[in-house]
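Undergrad: Please find one structure pasted underneath; my questions will follow.
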């Protein structure tokens, strides 16, 4: 046990938690306590590099083309992006797991329909489908959450189905059926607990995909509309000024990188831990 | 015989997927209930919208419209671009060579380099080289395409002035976009080859080969890599979709006149017939790629060829 928890073994997890908590602190503390307004700019102080002082006010990450404080915008933008991504992830996990369990448990034509729908979903590049739907329904935060969430179900359904197929054959499930427990009760009380673990791991590994997708849509200017900041919007707006003010692009990119590396390391670590436990 | 029925089954599956994709692409326009109002500029009058609705056939029953859509697709008729007043298919095929050039270049460098580095990392597992390669591949998957592309422009175009930051025509203009586009793919291949090779190297038949005194190089190249390749090939099809998605962003940043830019431009100008054509084409390429991967799988893995 003590070797299992040795520092070397868990260096990845420590780094992951450090990165993720740094981002969490940024997106909670900055919107709450940083005194500068992310929407209000000082036109006399545009494109100030990081650590500039304007009228006695420090801008740690500099200012943008309208003289708005980048730290304030980055804090709020990260919070909005993370909010969208996490809500979307919940929708993906819930719909995917539910459909996967139903497909695996009942089999037959339900299984065929759900699994072919998974194939269809995975055949269309996510970004293209999301851009298409957002262009039709309009780019509000709510629509973005829905679209990202609904298009992300397929992987979760596939894994939930595979696991359900295994659990369905176990003796205690057999026993439940023999004493007349309803299908719904078996799925919720006996199949679901066996699936929660693997789905959580899958979620950590799927979050980076959602983070990058949300940022890509924002970068293209087709997501949440400015002046609301999101990670992608910030980079998209900063792109026109890279010659003049590359910090506008660099810092939001670092936040995305920290989030994605953090999630990937955490996910890999969870997978390894599950493997160790199994063996 | 088993192989033949397996391939036929996969072909049928691909066909079903394409039917599903056509349903999504078609009905996406009806999400707001009125595709005519959606496609017309907001200042259009009621009369104009009604005329447009009739011209596009949006006043027919929906199943008639869907059958007409599918019939058109099957005969290569994808509707007309509203912006250019030309068949959407023509626009698509005009832009196709540029995207193909970019994607193939990215695919080539990333799979070759990923393959070599993945193998080195696996052979030197837990060594210093392995650590460096793992960090590179982890970062390669963490950095969004658009951010990497902008970094490349800042460093190589603006600061060092070595390479152009956009346009198409010369070999130099191909370097940065294909680097940006291939980075994710390269990381994925490196990680996969490494993981898969490490697993194979632990198998009994490799130990037997070692016991017979066969050189390490021969063991890796002749005995291990062949088996390690199978999982790598099976996921190629999946990663192909992310390559198409990445091409969309890369083309925008580097002013590369390919299908991805056509798609984004068309979405921004609400030129939906073109968008539909691009989505269908992307999905079709994906389905064909995965079918080819399945066929390759049959030939590489004797266990299902029996």
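Yeah, the Cβs are placed from backbone N, Cα and C, and that goes for glycine too.
Found this in TrEMBL, in case it helps:
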- B:96-293: domain 'ABC transmembrane type-1' (DOMAIN)
- B:12-31: transmembrane segment (TRANSMEM)
- B:100-123: transmembrane segment (TRANSMEM)
- B:135-156: transmembrane segment (TRANSMEM)
- B:162-186: transmembrane segment (TRANSMEM)
- B:228-254: transmembrane segment (TRANSMEM)
- B:274-300: transmembrane segment (TRANSMEM)
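Mind mapping these onto the model and telling me what they sit next to?
TA: For the transmembrane segment (B:100-123), the list of distant contacts is 129-130, 133-134, 136-137, 174, 177-179, 181-183, 185-195, 197-198, 201, 216, 220, 225, 228, 243-244, 247, 250-251, 256, 258: same-chain residues at least six beyond its ends, Cβ to Cβ under 8 Å.
Sequence-distant contacts of the transmembrane segment (B:135-156) (same chain, six or more residues past either end, CB-CB distance under 8 Å): 114, 117, 162-163, 165, 176-177, 179-181, 183-184, 186-188, 190-191, 194, 246, 249-250, 253-254.
Sequence-distant contacts of the transmembrane segment (B:162-186), counting only residues of its own chain at least 6 positions beyond either end whose CB sits under 8 Å from a CB of the stretch, comprise 98, 101-103, 105-107, 109-111, 113-114, 137, 140-141, 143, 145, 148-149, 152-153, 156, 239, 242-243, 246-247, 250-251, 253-257.
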